[in-house]
Ligand code: X8Z
Ligand code: ZN
């Protein structure tokens, strides 16, 4: 591998040299195409083993599995960097087709974390990345002084209403998980930036922003423009929620003005607030009469107990993870109703449905495609609650997308952009309406909330979907700043806390300083997963949903529409999914929605009645923070 690295570096240097460039004949179209075929095959073949190493690592954390994953990861990084450098050379060929140009471009930006070609850099980068992700997976907070793991603490943050305990969980998680990562993270940033520069990007953030079929700067502007469209809605929701929290907890815990205390919003990162719907529900009209998690429990879905052992002799229903698996069956049922083929048997054998008893794993949910054929699976530490019911649909959306584009060329085995990949399952989950829940037997027909509960239904959705947007935007605002140096290592904490206050209007429950690293307490930072994708997905899912409801001829209020069972919608969706990354994303958007623009209008239309209602509720209050 090292030889390959230095050859590629040499080649790049030769191309850069003006004297030699004249002497080197420009590559031909045939050569460029042959190179692409070779690179695609090599990367594809390597991914078969390296993704297996990653799976083993994520589902069985140990020093050994870390080493194996980092080993294959380093090979992948070096190989990709070499090909990315070569791609730049072939891009100079005259007469390249649009298609070939696109694949060369995709190859140039394929890596999330590039390493420089210097010997050892790819390995060091992968050692750091693996160590950070594993540390997150093993992370613990405390509750009443007792250690509590990541998936349990997430659940507790949703259910617990004791401000002291919430504070303890928030502080312990951020202190224990985030702070120790600071040094490793800074090293990783330096190496990745050096890699990005060798590939011709200003920094790693610029490389991330260049993956959207438009100039990188235009993409950043586009996200700001969309945020401006939906911010008035967020501001009203913030104002209303703050008042309700103040009513519940009093001035000492949550003052009536200023930012909201981050640990009171029902989620460790205050990124979605649906879990505190009970706190904000409008009196009388707000009681929806159901919560999906409670409905599941009422139907006998029991969360697997920590002490429960897997005894094959007991009836199927007593086996660990049985009910969590049944939640996935409901998810599969939705996609089947649209005409998608059932999940393969291996999905059910190989998916990690719940947290294993005997070892540490990376609990943060993810969807995998191990062989680009039929080995699709999910890794999750499922709980029987409404958050995870939605997350299951989310993860399955990734798996059905992966399967739909499987016939594309290797470089096109991806979403139209990463926001599309994140939006599919969420858009499907918007169809989990009361009527749908009746259809699948989870809700009694007599308990369907009437039109007087529309505001409640919309508010419940807004607490998750609208509340999420500023978080979805700021995570990468922070990372872009870290990568381009405007947030130096000496200000990692301040940079994060300032952005949280500016965009979300929230503050930590205790003061923080630069010994902390709160960004590291969010999976995607140590996991190195770009985050703007979720902001885009928040917007796109509403556009997809609006389009699907239109296609199905729905006439009622938008939020009551479910396209469950609609094969025509399924066929049209499949047509978009099958495209993978083969065309610029506006083409994919157009294929399903008829428009080429990503815009917050579908979202503001969906929530328009709520927006009006919130403005009334907030009358006389001074909103903002
Ligand atoms: O990370 C995820 C998925 C895996 S792709 C569970 N999400 C973001 C998060 O949890 O922060 C989905 C919503 C946002
Ligand atoms: Zn996802």
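Placement of Cβ uses the backbone N, Cα and C atoms for every residue, glycine included.
For reference, TrEMBL has these:
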SIGNAL    1-21  signal peptide
BINDING   212, 533  chloride binding site
DISULFID  363-381  disulfide bond
BINDING   394, 398, 422  Zn(2+) 2 binding site
BINDING   394, 398, 422  Zn(2+) 1 binding site
ACT_SITE  395  active site, proton acceptor 2
ACT_SITE  395  active site, proton acceptor 1
ACT_SITE  524  active site, proton donor 1
ACT_SITE  524  active site, proton donor 2
DISULFID  549-561  disulfide bond
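The structure, with features from TrEMBL marked on it.
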{"residue": "212", "record": "chloride binding site", "contacts (Cβ under 8 Å, 6+ apart)": "219, 222, 417, 585"}
{"residue": "363", "record": "disulfide bond", "contacts (Cβ under 8 Å, 6+ apart)": "137, 149, 150, 151, 355, 380, 381"}
{"residue": "394", "record": "Zn(2+) 2 binding site", "contacts (Cβ under 8 Å, 6+ apart)": "365, 422, 425, 426, 429"}
{"residue": "395", "record": "active site, proton acceptor 2", "contacts (Cβ under 8 Å, 6+ apart)": "365, 366, 367, 378, 380, 425"}
{"residue": "398", "record": "Zn(2+) 2 binding site", "contacts (Cβ under 8 Å, 6+ apart)": "367, 421, 422, 424, 425"}
{"residue": "524", "record": "active site, proton donor 1", "contacts (Cβ under 8 Å, 6+ apart)": "475, 530, 531"}
{"residue": "549", "record": "disulfide bond", "contacts (Cβ under 8 Å, 6+ apart)": "558, 561, 563"}
Among 212, 363, 422, which recorded positions lie by ligand 2, judged by Cβ under 6 Å to any atom? 422
What other residues of the same chain, not counting 394, 398, 422, have a CB atom within 8 A of the CB centroid of the Zn(2+) 2 site? 367, 395, 397, 421, 423, 424, 425, 426, 537
DSSP three-state assignment (helix, strand or coil) for residue 549 (disulfide bond): helix
Once near-sequence residues are set aside, which residues in the chain of residue 533 (chloride binding site), 6 or more away, have Cβ atoms under 8 Å from its Cβ? 417, 418, 419, 421, 422
Give the helix, strand or coil assignment DSSP yields for residue 533 (chloride binding site). helix
Report, as a single number, how many Cβ atoms besides its own are within 10 Å of the Cβ of residue 561 (disulfide bond). 23
Would you mind checking how many other C-beta atoms are within 10 angstroms of the C-beta on residue 381 (disulfide bond)? 23
